[in-house]
Amino acid sequence: MSQALPLITRQGDRIAIVTGLRTPFARQATAFHGVPAIDLGKMVVGEMLARSDIPAEVIEQLVFGQVVQMPEAPNIAREIVLGTGMSVHTDAYSVSRACATSFQAVANVAESLMAGTIRAGIAGGADSSSVLPIGVSKTLARTLVDANKARTLSQKLKLFSRLRPRDLLPVPPAVAEYSTGLRMGDTAEQMAKSWGISREQQDALAHRSHQLAAKAWEEGKLSAEVMTAYAPPFREPLEQDNNIRKNSTLADYQKLRPAFDRKHGTVTAANSTPLTDGAAAVILMTESRAKELGLRPLGYLRSYAFTAIDVWQDMLLGPAWSTPLALERAGLTLADLTLIDMHEAFAAQTLANLQCLASDRFAREVLGRSQATGEVDESKFNVLGGSIAYGHPFAATGARMITQTLHEVRRRGGGFGLVTACAAGGLGAAMIVEAE
């Protein structure tokens, strides 16, 4: 094993995760219909600061992400600073790493802390699948630009006369990979076939996710980390995630038809995560700064790793690539972990990554390692359910996972937790967190 790379500042401080908070996650076009991601981000950051009693001027940097960006406000981070009463001098910039966006935001703030340029910062992400940048066709877009340059009315009319009715149709955001044309669900189908994952296995994992998430809410385990959200038209609050199937049976999952490969597929809407609206954020500080303010950190960031693989085949294997690297940098093995939380983009993707982590052959032939990362103990895995149940506002999921894992590790007496995710573009992310 390579030498561990401790995440500490120049003064020897650990990177403390002081607190975290999220909105409830809502299925597309439900409770947050019409609420843009910026407003969701302002909602969660404002509430988190109010709950923590941390003066806004203590926060020196805010790094936030949004995957489905709105052209009228390309820097969501700065808009959150300006819209929550924080100091106008607070540094703020936005990041995007697809489904691992808030992992990246956390890493960026951690690096600023280690460099000594700040002592406290906020990281997070927000996305809305209900407020989308609906565009225009390329033909219409080019015509509008040319018309803006035209000098006479006749020149403009000539340009517009070339348009056809189809050119006037709205264009929704792309759901396929730009480089390959493959949808995420197509890749999930690839992985199900490559790794021999059956429809029954996928449905069972999805059912487990919903059962455990419902149980977590029933037992009050999530109440401290999920705010009550009031969204226009303010008729009723949203207190819990509204995607969780509390009373479903395994037989219910078997009724759905494949969503991507209609003839031979096994990936359905029920064993995939849905389009979701929501926001999540965490406050990070140097350990000494937290002590100065009299704060008990929720936990600490021990290590992180980002990886990238080919996009044409099984590109959602990011966790299988990034996990061994994050463990190595933390000086740990899979057996040392108290909990493991893997983003469930699809049940097929999740099960494929679990197979790869346990495979000596994958370790040798693909990763160039001598042995497998290890077989994941089910009793440690996604113990409160996962993204299939909670939903997946792309940029918010990582911050949700970090906060949720740290709370649960602390409830279990402390230890280490792994949070890991795949992302579009063949990207992967993994972080080791620690709670005492």
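Every residue gets a Cβ built from N, Cα and C, even glycine.
Remember, it's a predicted structure, so these values are computed and weren't measured experimentally.
Straight from Swiss-Prot, the features:
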- CYS99: active site, acyl-thioester intermediate (ACT_SITE)
- HIS392: active site, proton acceptor (ACT_SITE)
- CYS422: active site, proton acceptor (ACT_SITE)
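Scoring each of the active-site residues (HIS392, CYS422) by how many neighbouring Cβ atoms lie within 10 Å, the top position goes to CYS422.
Secondary structure from DSSP puts the residue listed as 'active site, acyl-thioester intermediate' in a beta strand.
Mapped onto three states, the DSSP output places HIS392 (active site, proton acceptor) in strand.
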